[in-house]
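Working notes, beginning with the structure itself.
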Amino acid sequence: MIAEAGLAALWLAAALSLLGLFLSVLHVRGTLEADRPVRALAIVQGAMCLFAFSMLLLVFARTDLSVALVVENSHSEKPFLYKVAGAWGNHEGSMLLWVMVLGLSGAALATFSRQLSSRTLIAALGAQAALALGFHAFLLGASNPFARLNPAAPEGRGLNPLLQDPGLAFHPPTLYLGYVGLSVAFSLAVGAMLAGDVDRRLARAMRPWVLGAWIFLTLGITAGSYWAYYELGWGGWWFWDPVENASLMPWLAATALLHSVAVLAARNALKAWTMMLAVIAFSMSMVGTFLVRSGILTSVHAFAVDPTRGAFLLLLLGIYVSAAFALFAVRAGSLREGAPFEPVSREAGIVVNNLLLTVILGIVFIGTLYPLFVEALSGEKLSVGAPYFNAVAGPLAILLGILLAVGPLLSWRREGRPILRKLALPALFAATALVIAFLAIPQASPLSKFGLALAAGLIPASLVPLIGRNPLRTPLATWGMAIAHMGAAVSVAGMAADSAFTTERLTAVKLGETVSVGPWLVAFQGISPVAGPNWTAVEAELHASRGGGVSVLRPQTRFFTSPPTETNEAAIDTFLNGQLYTVIGRSDEEGRWQLRLWWKPLVTLIWLGGGLIGFGGLLAFAGHARRSWRKRLAQ
Amino acid sequence: MIARPKHQRLVLVLLAAIAVLGAVLLAMWGLKDRAAYFYTPADIVAGKGSDGKAMRLGGMVERGSVRRQSDGVTTRFIVEDGEGRVPVTYRGILPDLFREGSGVVAEGKLGSDRTFVADNILAKHDERYMPPELGNQAAEHKAGQTLKR
């Protein structure tokens, strides 16, 4: 009954979105006053989606083996957390999660965005209903998560062990909240273009959605990067894998949009550009979903999926994106011109930021899709990886970093203040660091030397906008900006340090032998079998020391029986100045075990920076929320 | 000097166009010699793939071909596809799902002695996952074997 209830709720939600779309068209055309019904429909539709997803969680929690999806992705002996996470750790479940977040954000839009004109809001809800309708069709037509299996299976096949990890259980929902949050920015842009109301009010309504989506994307990407780093056992934190790029592209677009929406809100400028970015940002979410869910790319993450689904998603993508761009082409010319500004001003700085982000986005986009085009045209198979992305996007990212120091010091409208003097000290830090980098670490790549220098200058520079202000009177949004920018600098420091200072040791050792890596001596003290809830493992015992005390690391090779798989569990020990990363490999006839060791100075700064960026976003969000709350109280 | 709105708008549109064009040109320049082509052993035997250029080699690990070298961490094996055989050396810990007779993609370079030096090995991810490019090939390979019988 539970599965049927979930399915019924989905059909009902689809019907409600169709009705909502219909009524909103009538409202926008002025034939029918349907403000309240459309808002009510959006709220009920969101509730139905939430109900359907709860039913899916329930069948997974109970391991109902008469539901095909549970049989495919779960197992009665799996730990409870992964039974629940199994609900979205697969194609159908994750698409239902996507639809649920889409529905809930439509409901939230209907509830909270009262400051917009009725025409704009209802047109935006209509756009949101149209999006929901397409994804409902996809879910019900091509990926029903509630399909029954008759007769029921005696046991499930289990979840891919690589996905049985707390980091990965919560990583996709975080990213989806980001992806779908951008759908609201898209709907608001479409609604405002239809209603002809592109103004500061729209920007103020759009900003919390963009900011929220951007925070989730930031945290999702950071968490995903850390998961790949410790779970895959290869010691890297970014692979330029198409699936990673699928989350990076919306993030780049959202970062540009976040800045241009601020210009629109503060200065009523960059109207058409902001609308276009809102369309592009959600298009990138859809491109990402298409890349991941169609199984079209070779990737460590991509799972072979039936090609009709890919075609269906491509069709949805084509319809929404081309409709939005057509609307943009028709309406962009008639948007009233925004306020003009000086060539050196905060606005101009943000224009340059947007151009750089757009170019980087274009480079990542082309690099990610190029293999598909080549294969479609010539049948040749090829892959584009780190050499391309680092060489082409890296220098632009450094330029963007420099702008990060200058931009926040520019004032709106005109530049009157002597910013060069304020940046003198950070620039001195950066120059010193650059000289030291060239002298002390000649073996490091130029990109990592410039990265280190940039971080050395940018960390102090990000605090400059706070200097001379009363910290309690400084708006939370300003704090948020400073902290987010500092987070970017901290991440850059971690990335550059990892590539410049990492030492690696790959060797085969016998029991009792000691090897060195960086400042560490690592002794191979033991090897023993261990058992977990649904796996057995061979576990090594390593004693690592550098002068002082000893830390013990226990890397494992795990064997899962359902499905039969082996995974490597790296053992990582974190210190203030870096991480010691150990992986155990296979044994040979002579009783030697393969051992891979990395000493990675300052590598944790990468994710610490990601966390700071997210925290900065959160502060800005709280600042805006507090301000609009006060305004509401004052009214 | 504040430009007139219409003028400024034109400048912005031009800048945006230059940015997009710049991205495309940069990307094309970057892709020209940094894209790694995917070859099968049959392609290599037929002379495709120049020495020293990054590429990917995909096929089956030949049964009985895997040999560990005396340093304990270098492995040599042969990748075949029924039409060609290419020797591969790899220094590192092999992925968990690396098996004789199973699909593999090696990333690396072809040496002047036509030995493939891999710096990364990708194996089948789990029972249900296979790199799409290998999936086709495994099916073709199987079909070929059936025909030969």
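One-based numbering along the chain as shown.
Here the Cβ of each residue, glycine as well, is placed from N, Cα and C on the backbone.
As recorded in TrEMBL, the features of this protein are as follows:
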- A:88-294: domain 'Cytochrome c assembly protein' (DOMAIN)
- A:314-622: domain 'Cytochrome c-type biogenesis protein CcmF C-terminal' (DOMAIN)
- A:95-113: transmembrane segment (TRANSMEM)
- A:120-142: transmembrane segment (TRANSMEM)
- A:176-196: transmembrane segment (TRANSMEM)
- A:208-228: transmembrane segment (TRANSMEM)
- A:248-266: transmembrane segment (TRANSMEM)
- A:273-292: transmembrane segment (TRANSMEM)
- A:312-330: transmembrane segment (TRANSMEM)
- A:351-373: transmembrane segment (TRANSMEM)
- A:388-411: transmembrane segment (TRANSMEM)
- A:423-441: transmembrane segment (TRANSMEM)
- A:447-467: transmembrane segment (TRANSMEM)
- A:479-497: transmembrane segment (TRANSMEM)
### Query
How does the model score the domain 'Cytochrome c assembly protein' (A:88-294) in terms of mean pLDDT?
88
### Query
In terms of Cβ proximity under 8 Å, which residues at least six beyond the ends of the transmembrane segment (A:388-411) contact it?
240, 344-346, 348-350, 352-353, 356-357, 359-360, 363-364, 367, 417, 419, 422-423, 426, 447, 450-451, 454, 457-458, 461-462, 464-465, 481-482, 485, 488-489, 492
### Query
Who are the chain neighbours of the transmembrane segment (A:312-330) in space, where the CB to CB distance is under 8 Å and they lie at least 6 residues beyond its ends?
130-131, 134-135, 138, 141-142, 186, 189-190, 193-194, 272, 275-276, 279, 283, 286-287, 289-290, 293-294
### Task
Would you mind listing the long-range same-chain contacts of the transmembrane segment (A:248-266), meaning Cβ under 8 Å and 6+ residues beyond its ends?
178-179, 182, 185, 198-200, 202-204, 206-207, 210-211, 213-214, 217-218, 221, 273-274, 277-278, 280-282, 284-285, 287-288, 338, 346-347, 350, 353-354, 357-358, 360-361, 364-365, 368, 412
### Query
What else in the chain is close to the transmembrane segment (A:208-228), if you only count residues 6 or more beyond its ends and a Cβ gap under 8 Å?
105, 109, 165, 167-168, 170-172, 174-175, 177-182, 184-185, 188, 236-239, 244, 247-248, 250-251, 254-255, 257-258, 261, 278, 281, 606-607, 610-611, 613-614, 617-618, 620-621, 624-625
## Note on the structure
One stretch in A:120-142, A:273-292, A:423-441, A:447-467, A:479-497 has more Cβ pairs under 8 Å to the transmembrane segment (A:351-373) than the rest, namely A:273-292
### Two-stretch contact, the transmembrane segment (A:423-441) and the transmembrane segment (A:273-292), at least three Cβ pairs under 8 Å
no
